[in-house]
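Inspection log for the structure reproduced underneath, given as structure tokens.
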Amino acid sequence: VFTFILKFQHDHKVSLPMEQVIVAMQDPDLGIKMKNQRLLITVIPHAMTGNDIVEWLMKKYSIMEEEALHVGDLLVRHGYIYPLKEPRNLVLRPDESPYRFQTPYFWSSQQWPASELDYAIYLTKKNIRKQGQLIDYEKENYNLLHKRINHTWDFVVMQAKEQLRASKQRRKADRIVLECQEQAYWLINRPPPGAFDIREHGPERRNRLTSRVQLVRLHSFIIHQKKIHDRTFIKYSEQYFSHDPMMHGCPPSNPWITDDITHWALNTNTVSTPTKLRVERWSFRFMELLSDPLGRLKFMEYLEKEFSAENLCFWEACEDIRHGENSRIPQKVQEVYKQFLAPGASKWVNVDSKTMEKTLEGLRRPNRFVMDDAQMHIYFLMKKDSYPRYLKSDLYKNLLVKAIAPQETKRSVFPFMRRHRHSSPNPALVAQALEEDGKAKRLGSPRITSPATSP
Amino acid sequence: MCDQTFLAITFGPCDNCSETKPLMNIYVKNEPINYCSLCVERMACQGLGPNETLATLKTESETLKTKLEEERAKLHDAELHQVAEKVEALGQFIIKTRRTLKGHGNKVLCMDWCKDKRRIVSSSQVRPFRWRRHEHAVTMPCTWVMACAYAPSGCAVACGGLDNKCSVYPLSLDKNENLAAKKKSVAMHTNYLSACSFTNSDMQILTSSGDGTCALWDVESGQLLQSFHGHSADVLCLDLAPSETGNTFVSGGCDKKANVWDMRSGQCIQSFESHESDINSVRYYPSGDAFASGSDDATCRLFDLRADREVSVYSKDSIIFGVSSVDFSLSGRLLFGGYNDYTINVWDVLKGTRVSILFGHENRVSTLRVSPDGTAFCSGSWDHTLRIWA
């Protein structure tokens, strides 16, 4: 019926699940019950209303009306269903408006590139059929095409006339249906400027030509399996439940909801009294304590009392090597060795002999990971020894007792209060201020309290 | 390492070269062997032996894959949602848009939170990319800026895209200063940059690319520190394991695989292939024991690293469009997914059910991140806006 020069199938992954929905909708037993719809003086068979579509989706997928309308609307926008009234308006109306299924021939998953030639033929047909039926953007496209593929224009006109002649020989209802289908197809594939464009997919993927040797032997690693401990996820979620603002609220209130930034003010890194939730969290796992700058500071205070602060200092110095600039690695490694590992070092750390031997060996060719073994050893030492004792210490217990536990404010208390929204301090500004502060210290001048270090 | 006790690599003398190195436990023709990574690579790169054709190798690969699945299935415990049957169900979940950020002239492609929990950086299709409230805008020399990241200090941002590069821009206080002048080109790939992330400091960046590799770079010198080969197609996303002492990250690609890598050795230590299409987003569970992925196959999945398999699938028949981005709430109980059908679906991670569907965006949701303190999450969309939900 319609001649298209190029025809090839792509794996159009977006459309396939949509097609499953469309096919289910047209199932003779469980699909939508279709009826004849009257369009002006003609009767169009196999049509349905917008309502039918929404209700079917709601029932089939057990979803609410809003979602069903959303899904149905997407089916229309992608050209699987088209409206009979107001065909240019590709939306799903949840009322008695009539719709029809697009013929699979025209599904976007068929992915012919909807060539210029085909579009030209279509526009020419429209033009011939009724002069002035083309709308502005179509007129523009028509003129552009006329220029661009002018050499084939005789063919275009000839095809258009042939197709029009063939369609005149059909029954009126069939002719109208075919015209609607074709129109819907081109509305999707050549949308008016500014309208939703189905062809937008983002940058092209799959630029690699062939799979490499990966296909071969490498798939053979079978790792020693452990049974799932599914309860780990349950335990973790339960433990953190009251700390998750989205599950449990956020004392005193979530700043994004109430515009009250107290919650953030109470939880900065420089606050003198931490909140109860925060101190509690340090007891969950060692990593929580270390990754909170305030937690780490308090832990350091404890270690100093125990005369084992060098462990944490060493660990921090190793982190600095691992994550610092490449160029400073040799220098840093030397400093760490002198301060922590060399015999008689001022902050000597107790690393076992095997690890020490290995580390010394590695020092000959210092790299980012040379301290890894020693760092791990000290980390475990702190985790298994100092950390549990810290949690039982008076220092920690006092923190917990003195910690702030703000009351959760009910939103209804402040229904109309609109607080001013302030910009948070620019971290770059804070960093600069700290640097200046540091410079001042080194130069021996009196300490300047920077106003930018606290919100 | 440390809090993660499931390291797959053992350490010892290689069966082939006898050097003491991290070893991979692999099977060749049903025989278990311990080769170091270099010897494994060499072996894999050998041409076809006698009686071997591409077809025979392919069948061998398929057999091994099936065997791998069988081994995994043997240890098949109950699925996560069955174990979680007794867990209390979540009540009605109310979350709304609290801020709508307009300022990009075009599709928002990526965003990241600053550690201060309030600032974000976002990137888009057209040249200028802006911070919240138009603090700064930088002219980029390419049209699609698909990746952006905030430095841990908050003093710099990194971004890149179709220019195949990742560049770092130090943030200045002077709003009028031309930031583009101070830009530093760090990463160079041979195809588009799909994602980037700073490691624990401002000094190193991890990138993933359409050229099929991931790479670790030294910011100061632009030097390549480590490259990661193993994907057989574009790599689309990555996420660093949330461990102070950890050294691993996960990546997802167009080859439908999610790979876990050891940053130190460059080796792929675990691989998961259960998605049916491109993996657009990967994100670690807060404890680091698992990660979630979102794919064009319209599902999100949870992979348990210690059990070495998929433990949950988050899908619904009415969801027929791909997932572009995923992230967990602070406790890991909720998984948020941004979808190509403009919606955000909220999943109960333990029970596998959908808690809520959020409407609001008028085009694809392209990026989604929960704030560092879990008080909100931000979504960016092709509708030119960013929304903050709480």
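For all residues, glycine too, the Cβ spot is worked out from N, Cα and C.
Remember, TrEMBL labels are computer predictions, not curated facts.
Residues or ranges marked as coiled coil by TrEMBL: B:54-81.
Residues 110, 144, 146-153, 155-156, 158-168, 233-240, 244, 249, 251, 253, 261, 263-264, 266 of the same chain lie 6 or more positions beyond the ends of the repeat 'WD' (B:186-227) yet place their CB under 8 Å from a CB of it. Marked as repeat 'WD' by TrEMBL: B:186-227 (among others).
Feature annotation from TrEMBL assigns repeat 'WD' to B:228-271 (among others). If you take every residue in the repeat 'WD' (B:228-271) and average the pLDDT, you get 91.
The repeat 'WD' annotation in TrEMBL covers B:272-313 (among others). Assigned with DSSP, the residues of the repeat 'WD' (B:272-313) fall into helix, strand and coil as follows: 0 helix, 23 strand, 19 coil.
The feature repeat 'WD' is assigned by TrEMBL to B:323-357 (among others). DSSP labels the residues of the repeat 'WD' (B:323-357) in these numbers: 0 helix, 21 strand, 14 coil.
Secondary structure of the repeat 'WD' (B:358-390) per DSSP (helix as H, G, I; strand as E, B; remaining residues coil): 0 helix, 17 strand, 16 coil. The repeat 'WD' annotation in TrEMBL covers B:358-390 (among others).
When Cβ-Cβ distances below 8 Å are used as the criterion, the repeat 'WD' (B:272-313) is approached by residues 3-4, 6, 65, 72, 75, 77, 79-81, 234, 236-243, 246, 250-254, 256-260, 319-328, 330-332, 335, 337-340, 347, 349, 352 of the same chain, each at least six residues removed from its ends.
Within the chain, the repeat 'WD' (B:358-390) has long-range Cβ neighbours (under 8 A, six or more residues past its boundaries) at 95-102, 104-113, 115, 117-118, 120, 122, 124, 324-331, 336-346. Note on the repeat 'WD' (B:228-271): DSSP counts are 0 helix, 23 strand, 21 coil.
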